[in-house]
Amino acid sequence: MMNKQQYLLYFIMGSNNTDKNPEDALREAVQGGITSFQFREKGQYAEEGPAKKELAGRLQKICREAGIPFIVNDDVDLALELGADGIHAGQEDTPLVDIKKRCPSSMTIGVSAKTLEEAEQAVQDGADYLGVGPMFATSTKEDAENPVGPGAIRLLRESGLSVPIVGIGGIDAENAAFVMEAGADGVSVISAVSRADDIRQEAERLREVLR
Ligand SMILES: Cc1ncsc1CCOP(=O)(O)O
Ligand SMILES: C=C1C=NC(C(F)(F)F)=NC1=N
Ligand SMILES: [Mg+2]
């Protein structure tokens with residue numbers, strides 16, 4: 001199970017989010033101080049089947065050696081096969097109740113939410129954390145909806161939700177503070193880190209903003 005500090009800089013990446021070798025990119029991000037990692041192999045040119053599982057295993061090994069949580073996006077079978085530390089489910093993915101039936105209680109389960117209704121439903125269903133966004137414009141998620149802004153997190157907090165929340169979508173070192181000020185426990189980042197020339201430095205810059 002993840003503790004709150006581990007949500008601070010939650011890096012997400014798949015092989016199509018970087019021009020570098022994914023393992024090198026993750027190693028550099030770990031050196032820069034990411035606090036958790038999500039394997040999200042999705043979209044154009046994403047690996048599938050055995051190649052996806054092998055890549056996941058290599059990235060999981062890096063996380064294990066660094067002592068940071070390794071989370072799998074969407075793919076419950078893969079998460080269970082690998083003994084991942086958690087799984088992240090989107091609103092259109094496997095319903096939480098079904099995931100919880102299949103996963104050991106030690107696994108962290110995260111859910112995407114952008115409205116109070118989705119958030120309250122997810123918490124009621126037993127979500128361990130919420131991913132709220134897109135905070136800002138993003139071109140990384142092909143079907144991303146319109147940005148909701150950090151105000152969406154503030155609204156959830158003002159509604160009394162105390163569950164761990166990370167903001168996601170278009171976040172970088174220049175705007176991360178707004179997400180934290182809105183009441184997030186951390187930020188999730190893909191391209192600001194995965195596409196940086198100096199990945200380690202970009203992760204370090206984000207950590208400086210976050211604390
Ligand atoms: C997976 C996801 N969910 C909402 S926005 C997004 C993509 C975030 O990528 P980036 O940090 O590069 O904007
Ligand atoms: C679509 C997503 C929304 N939020 C998150 C996280 F940041 F982990 F909460 N991950 C996703 N894959
Ligand atoms: Mg999803």
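Here the Cβ of each residue, glycine as well, is placed from N, Cα and C on the backbone.
Sequence annotations record features per position, and here TrEMBL assigns domain 'Thiamine phosphate synthase/TenI' to 9-193.
Around the Cβ of R40 (4-amino-2-methyl-5-(diphosphooxymethyl)pyrimidine binding site), a 10 Å sphere holds 22 further Cβ atoms from the protein chains shown. Feature annotation from TrEMBL assigns 4-amino-2-methyl-5-(diphosphooxymethyl)pyrimidine binding site to Q38, F39, R40, E41, K42, N73, S112, K141.
All chains included, 17 other C-beta atoms sit within 10 angstroms of the C-beta of D93 (Mg(2+) binding site). Sequence annotations record features per position, and here TrEMBL assigns Mg(2+) binding site to D74, D93.
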Query = Which of Q38, S112 has the fewest nearby Cβ atoms, counting only those within 10 Å, among these binding-site residues?
reply = S112
Inquiry  = Measuring Cβ to any atom of ligand 1 with a strict under-6 Å cutoff, which of the binding-site residues Q38, N73, K141 qualify?
reply    = K141
Message = Using a 6 Å cut-off on Cβ distance, which of the binding-site residues R40, E41, K42 come close to any atom of ligand 2?
response = R40
